[in-house]
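As structure tokens, the structure follows; a few thoughts come after it.
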Amino acid sequence: MKYTVVLPAAGSGKRMKANKNKLLLELFDKPIFIYTLEVFQRDPNCEAIWLAVKDDEQELIGNFVEKYGIYKVAGFAVGGAERQDSVRACLDMIPACDVVLVHDAARPFIDSDVISRLALEAGESGAAIAGVRVKDTIKKAEAGVITETVERDNLWIIQTPQAFDYSLIKRAATAASEAGFLGTDEAMLVERLGHPVKIIESNYENVKMTTPDDLIYGKAILESRRQEEQQ
Ligand code: CTP
Ligand code: MG
């Protein structure tokens, strides 16, 4: 299933404590977001890439896009104060298509098989998001005292990509903005319309580079992939 991907990249990376947009940090020799872009550049089903970037970073990011030859980048939107605003800015710009994927630029290790399954499911049922099963025991607590151990079997850690039928996500984004609703992911905007959202099982390597320890894990993933390629 062919798709257009929207990549929010307009954050400031506060939790990374790098004093700059964390996406510009290098893992070995390349900025984090270039790894992400390269996954979509390589995927034959990806028809166009749209990036949300901060106004004052457009030139810098544009230069990297050019340097690494990411010719599938079709355009840039100006990011907003919240991630949802940044995604919305892209959705307002992209030409109509069948399926739209939204993916955090800060998740560079997404694999193309998960992307394909998401796009296919979104094409069929309208909405599908990536997730992994919870590995740890989860408990609820009040004032530091356990009130409940949550049944783990039904719990998922949600990631991106999140894939949607184009008109459904446009409708959901408009409805959310009219209601002043701020979600933590795109699926929430679709859920509140009552439309079912499927979970596609992803993998634990699709981690978001959020805090400094994620960079250590990120480098380890790259190392192990390089070793596999050499075998
Ligand atoms: N993002 C965005 N616009 C915002 C906030 C975030 O486009 N206003 C993007 C980030 O660049 C990132 C993705 O959304 O690719 C996921 O957000 P997050 O991991 O929270 O990144 P930051 O907001 O940059 O980090 P922090 O929350 O630690 O400041
Ligand atoms: Mg953030």
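Using N, Cα and C of the backbone, Cβ positions are placed for all residues, glycine too.
As recorded in TrEMBL, the features of this protein are as follows:
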SITE      Arg15  site 'Transition state stabilizer'
SITE      Lys22  site 'Transition state stabilizer'
SITE      Arg152  site 'Positions MEP for the nucleophilic attack'
SITE      Lys208  site 'Positions MEP for the nucleophilic attack'
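The recorded sites Arg15, Lys22, Lys208 differ in how many other CB atoms lie within 10 Å of their CB, and the one with the most is Lys22. Filtering Arg15, Arg152, Lys208 by Cβ distance to ligand 1 (under 6 A) retains the following recorded sites: Arg15, Lys208. In sequence order, Val134, Thr137, Ile138 make up the list of same-chain residues 6 or more apart from Arg152 (site 'Positions MEP for the nucleophilic attack') whose Cβ falls under 8 Å from its Cβ. When the Cα atoms are compared, Arg15 (site 'Transition state stabilizer') and Lys208 (site 'Positions MEP for the nucleophilic attack') turn out to be 12 Å apart. The DSSP secondary structure for Arg152 (site 'Positions MEP for the nucleophilic attack') is coil. Comparing Lys22 (site 'Transition state stabilizer') with Lys208 (site 'Positions MEP for the nucleophilic attack'), their Cα atoms are 11 Å apart once rounded.
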